[in-house]
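Copied from Swiss-Prot, the annotated features are:
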TOPO_DOM  1-14  topological domain 'Cytoplasmic'
TRANSMEM  15-35  transmembrane segment
TOPO_DOM  36-177  topological domain 'Lumenal'
ACT_SITE  Ser49  active site, charge relay system
ACT_SITE  His90  active site, charge relay system
CARBOHYD  Asn115  N-linked glycosylation site
ACT_SITE  Asp119  active site, charge relay system
REGION    163-174  region 'C-terminal short (CTS) helix'
Amino acid sequence: MLSALGNPRQAAAQLMNFGLILSTAFMMWKGLSVISDSPSPIVVVLSGSMEPAFQRGDLLLLWNRNLFTETSVGEVVVYNVRDKDIPIVHRVISKFGTGFVIPRQWWLFMGIYNNDSDDTKLYAPGQNYLVREDIIGRSVVGYMPFVGYVTIMLSEHPWMKTVMLGIMGLVVVLQRE
């Protein structure tokens, strides 16, 4: 098995194969981002604030191409808060502005059943509302229950990332063609 490592061409071919796998995954992600018009077309529910609609660990598929409809109260959306890079999945609880008096619409959000207040405590300092540019996914078009637990486990236990990458690298190096 390890004899392939002695052959420089075989080792280079395996490294290129590994690079091809990574670049294909990246291109699929970017393609899905373009199709869904969302920088993050797939998100994982990280907390229980959306139960019973979505459980912790559910994988959500987003669609952001509702160009001619406005985000309405009661709709579940995914948004980013300034200076934080973790998307939040919550329901719109309030909407301000019509586009005439207030030039931009503002929204307030909160989880479905577990929160007793709005999400302003999650916003960046000085940010009281969210605007359309903060919303990265307007429609949840599908979900896969519990599939996102892999992401949660990898973020809660960083050593698992190293083990997983090591196993993937070992499989690529030891595979025969």
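Note that the numbers count up from 1, one per residue, in the order the chain is shown.
Including glycine, each Cβ sits where the backbone N, Cα and C put it.
Looking at His90 (active site, charge relay system) and Ser49 (active site, charge relay system), their Cα atoms lie 8 Å from each other. Residue counts for the region 'C-terminal short (CTS) helix' (163-174) under DSSP (helix as H, G, I; strand as E, B; rest coil) come to 12 helix, 0 strand, 0 coil.
Using a 10 Å radius centred on the Cβ of His90 (active site, charge relay system) and all shown protein chains, the other Cβ atoms total 23.
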